[in-house]
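**Q** Got a structure here, written out as structure tokens. Questions coming.
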Amino acid sequence: SFIQRFLQWTELLDPTNLVVSIEKIEKSRQLLLKNEDAAIRDLANQRIKDAWKRSLSTVHPDSSKLIPVPFRPAAFLPFTAPMVFFSMMSVKSLKSLVLPQVSFYTYTTAFNMVNGNASYNRHLYESLLLGTGVIASSSFFGLFPVLFQMRVNHVLLKRALPIIILTHVSGMNVVATRSLEPIRGIEVMDKEGNVMGYSRKAGTKAVKDTATSRIVLFGTTAFIPEVFSHFFVRTQFFRQYPWSLWTFKLSCTVLVMGLMVPLSFSLFPQMGRIQCSELEKEIQSVTEETELFYNRGV
């Protein structure tokens, strides 16, 4: 259920998962692999629970390779929250916004690529070319509000445009970064884990759901601090301490995003389901299952 996924993500996003040693991760994997049935049944066992937590938070479910520390789910909030804050600050020149925008979209592009579905074949040069193009285009569209604000004096539009652009570009960043999944297809499996084939339709669904979760995440994170800041600047406290707006807005951004990261990651199950009737005919012909599964990614 959504509540169970949310509670699980609050554990997986624990910052201590960034400093777990490789030795502990390997021991956890071995513990789960020795007796898979016992591992599934015995979730009341603290050792089993800790092993699942370490495995799910550090190991890619498709490739079984370790996820680099900066791109583990637990690193997403510490890296992106300051970048979102600086990218949403009012600036008078384009130069002062270039670094925050490029940094933000470089990190999110790499995160989406590392944590996407890895069951299909792709070459390193393809990932590098695709990532470079996505970073360049995302950064360009991310800077668009500043170019527009320089020519517009409408207060509401100047406040709303950065939020709208950040929300849409974040969603399109996922679509562009993982665009090979709908083209080449991703693995779909039965309930026993047997691979039935590669489905482009499952890849499309996986990318669409992940993009939706990013839209909810960054749209809410950008919108709520702006609303609260609008009322904060009208208070007597702000009039006495104008510099406090930065502190207030940064704190609000971190708090909102701290709630929205596990919430957005929980919107859709990481192990997605799709009706076999919705898949390609060649996959339907090799199985009698009515429902198949795939890794949605993060």
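Each residue, glycine too, has its Cβ placed from N, Cα and C.
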**Q** Any idea which of 128-148, 149-169 is down as transmembrane segment in TrEMBL?
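**A** That would be 128-148, per the transmembrane segment entry in TrEMBL.
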**Q** With Cβ-Cβ distances below 8 Å as the criterion, list the same-chain residues six or more beyond the ends of the transmembrane segment (128-148) that contact it, or say none.
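**A** For the transmembrane segment (128-148), the list is 87, 91, 94, 97-98, 101-102, 104-106, 108-110, 113, 161-162, 165-166, 169, 172-173, 176-177, 179-180.
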